[in-house]
């Protein structure tokens, strides 16, 4: 039927032309603003071509049924240019957010936070129309190019007015922050993780931009990982540092991070307790009262972490342990301190469930984590950034996982203040 109509009178041809012109304009803007690179644009273009091709077949079907149905469908497509819009942040965004976080009154601050969340949601709603045409894998791994920096005035204001609520942050001059990345890519018995190089490079770049000197160790057994952690904990630079990051990327099971010799018959696993023990206040005094952030990209089981739920309400129960009896001893010659404080662990999935990666784009968790750090760490504290990452996984998709915040013993808020 399509062959009988000329291009000049063919509504399908007109719609395809309109859609192509509109998408070309959007893609040009995305390239100009460095939102997409050439490879990403090519992948999106392939997805858009597929959608246009499928849309042509669908519209043809409507025209064969009735002329009116075709007009209705064509009208909706023709009006799509009003929906396909991107809202970019204004130049005074930083000033607005600084006002929002200025500690005046609790009610005023809360109101401004709600306003900011509304603005962010509006921007997401507009952008989502374009994202509908992007393949799932590209959506999930798209990362903002540059780290947004914190102004000097904002840094000084927060350090002064919220000194009792936040962890002390040292001045850049003389500060010797260290971060450790352990990544296992080659395994004796498990599948290799060749695409993990993307995660290593992106995490290294992020941590360096945050002021950390990054140590990278690859392809270690559990015992070798423990040895490297002990060496890192003993580094003298921690004395003149205000925090540290420990990043683990490997295969994993519920009990911990897999070493390169792991197999079911003979496990090779670095347990969480081992990590926390090495860096606790007793064994790593240089990092006492300083934030110790653990990032773990690894599966924690083989389940997908999704279920089908009904609208009926269920009842949850939990068992409780008996009360622990504590004995207090006083000694005038020493100061009592908690064995484990100032830790937070952010893991890529819930217990028993898997973590996803998408080819050479790296893992979903690491890419979302880096994206949220680049967007929000100039103004949000660490736990709020982690919640932003969790929010990005809130709606289950084809690749489903839910990052979890665990073993939190931080007593204050930790701000990174990038650029300071």
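Even glycines carry a Cβ here, placed using N, Cα and C.
Quick look at what Swiss-Prot lists:
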ACT_SITE  251  active site
ACT_SITE  299  active site
DOMAIN    1-92  domain 'CARD'
MOD_RES   85  phosphoserine
MOD_RES   90  phosphoserine
REGION    93-115  region 'Disordered'
Could you round the CA separation between residue 299 (active site) and residue 251 (active site) to a whole angstrom and send it over? 6
Across all the protein chains here, work out how many other Cβ atoms are within 10 Å of the Cβ of residue 299 (active site). 20
Output, ordered by sequence, the same-chain residues six or more apart from residue 251 (active site) with a CB under 8 Å from its CB, or 'none'. 184, 187, 190, 191, 193, 258, 262, 298, 299
Over the span of the domain 'CARD' (1-92), how high is the average pLDDT in this prediction? 53
